Amino acid sequence: MAASGETTDSSVRRRRVNKSETDTDTGSDLSPGEADHGADSRLEPDTEKPLLSGSYWLTRIVLLRCVAFIYLVAFCVAYNQNKQLIGEHGLMPCKSYLNNVKRYVGGKIGAAALAYTPTIIWFLDWSDMDTNLDVMALVGMALSLFVLVTGMANMVMMITLWVLYHSLVSVGQLWYSFGWESQLLETGFLAIFLCPLWTLSQVPRRCPPSIICIWTFRWLIVRIMLGAGLIKIRGDKCWRELTCMDYHYETQPVPNPMSYYMHRSPWWFHRFETLSNHFIELIAPFFTFMGRRMCMINGALQILFQVVLILSGNLSFLNWLTIVPSVACFDDASLAFLFCSGGGAKRAVLKIQSEDASGRTIKPTKGMMIRRVVNISLGVLIGFLSVPVVTNLLSSRQVMNTSFDPLRIVNTYGAFGSITKERTEVIFQGTLSPDPKAPEAVWEEYQFYCKPGDVYRRPCFISPYHYRLDWLMWFAAFQTYEQSEWVIHIAGRLLSNDSSVLSLLQHNPFQGPDPPRWVRGEHFIYRFSQPGSSSAAEGKWWIRKRIGAYFPAVDLQGLRGYFQSRNWPHPHIPTQKH
């Protein structure tokens, strides 16, 4: 009986094994989505197996989520600030800009207008431009949030995100003139080709990640870092003398609290920082072409470098965005730790790898063949558009943050080619005094959200968020107001207590019934206080010294001609109460 029992048990076990094998064979016909949601026990043993190198299913999920996160931040910034900057009553209304472009191209909205300013706003109702800007930002936020949360996207969604943001950048004028706008557009364009056309699945079996698309991301991070490194070597001599970091933390556009302490690091540490910067930007990018392991080392170095920059300053979403193409340096095996062992995506990839290893690959369909042609075409397009970029990188007259095509598909980048050695700030001040020259006139200061102003206020930490006006004020401080006429435009708006412009500021000292009679711009040199000094003991983060007037005291009546000559709407002169 015992022997018979063992034989019976063995037969049962054999039948169960055969049943499992049959189920597995049958399961190979299931779509990844069905495999993801089935959660059956037959795949559980596979979850313990390590993923094989050389595939990029999980890499695609991480890349899409990273791109979606940057889009979400960018559209959030647009929703909160566009109306004040380029809206109906903004500082630089996009409607006026589009009308000027329309006149320039012959008065018609056609191919010439689209080539000069590629934006869908051409085809929208201009009677309520603020609503147009808000709807575009909200749709962008909703789509990017969906991709971020689910890790799923298709080409239609990613094209929509790219078109929406491109439309905003194209009409953003000065406020969208930063290099990271083109970098986001290029990154977003490449992300379109990571996805299937219609399907929404984290692991779409019939749309494997293209190695060509992965290499376009790698090529992007190589160009970003080489552009940044070469512009430094060719630019300010302090990069060659290894002294630039002696000034950078104090003089960068928007310092954060860590900048205060990093600035006081020992001289040898600043030299080490500069040498490390040169290594990561000029040497490490070539690791990308030296095999899987060296490519991953470059990816890790670039991500670590960007994290350090994020912690030491507020550079908008630039550093977060630069992390995105670095992710393409890693394959599924190296990113598996980011996914739960029992997660649907990881199980689906394990199943695909198992099928491929056993020779049970799916037969290429017509759609898959078309997709291969599209991927090859992408590689050819990026290669062709990279020619002027590479030429620029090799040129002794290298320019940075420049687009060579109207759609900004392939661009050249760079940052901090020169370092300012002194920090200067423009401080807006207003007074209720009828005579701005009177000794008894009391001048009160406006405070921006993040730009240094009040010496007792701690530097902010806002990255990856971005206050566009604060950033532009940094540029205005080492220019003249004649070069930055929008500064006078702001002064006029402050004189009328304009709510849209005031929403871009943190503190308005004239919140009562009476707006200021006069507004002026004062020019100061700012430097960090010394930790442990008497100034620091008083709570001062900054010490400042007045240089002189940036622009003289102005009133609304005196600005009338100035505004009319530039076709700016003259602010309403409010009734003064006494």
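Using N, Cα and C of the backbone, Cβ positions are placed for all residues, glycine too.
Keep in mind that this is a model prediction, so the values were computed, not measured.
Taken verbatim from TrEMBL:
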type     : residues : note
COMPBIAS : 1-10     : compositional bias 'Polar residues'
COMPBIAS : 34-46    : compositional bias 'Basic and acidic residues'
DOMAIN   : 176-336  : domain 'Lipase maturation factor 1/2 N-terminal'
DOMAIN   : 409-552  : domain 'Lipase maturation factor 1/2 C-terminal'
TRANSMEM : 57-79    : transmembrane segment
TRANSMEM : 105-124  : transmembrane segment
TRANSMEM : 136-164  : transmembrane segment
TRANSMEM : 184-203  : transmembrane segment
TRANSMEM : 209-231  : transmembrane segment
TRANSMEM : 300-321  : transmembrane segment
TRANSMEM : 333-352  : transmembrane segment
TRANSMEM : 373-394  : transmembrane segment
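Proximity of the transmembrane segment (57-79) to the transmembrane segment (333-352) is established through 3 or more Cβ-Cβ distances under 8 Å for residue pairs spaced 6 or more apart. Between the transmembrane segment (184-203) and the transmembrane segment (333-352) there are 3 or more Cβ pairs closer than 8 Å, counting only residues 6 or more apart in sequence, so the two stretches are in contact. Residues 61, 64-65, 67-69, 71-72, 74-76, 78-79, 82, 120, 185, 188-189, 191-202, 345 of the same chain lie 6+ residues outside the transmembrane segment (136-164) yet bring a C-beta within less than 8 angstroms of a C-beta in it. In this model, the domain 'Lipase maturation factor 1/2 C-terminal' (409-552) carries an average pLDDT of 95. In terms of DSSP helix, strand and coil, the domain 'Lipase maturation factor 1/2 C-terminal' (409-552) has 28 helix, 40 strand, 76 coil.
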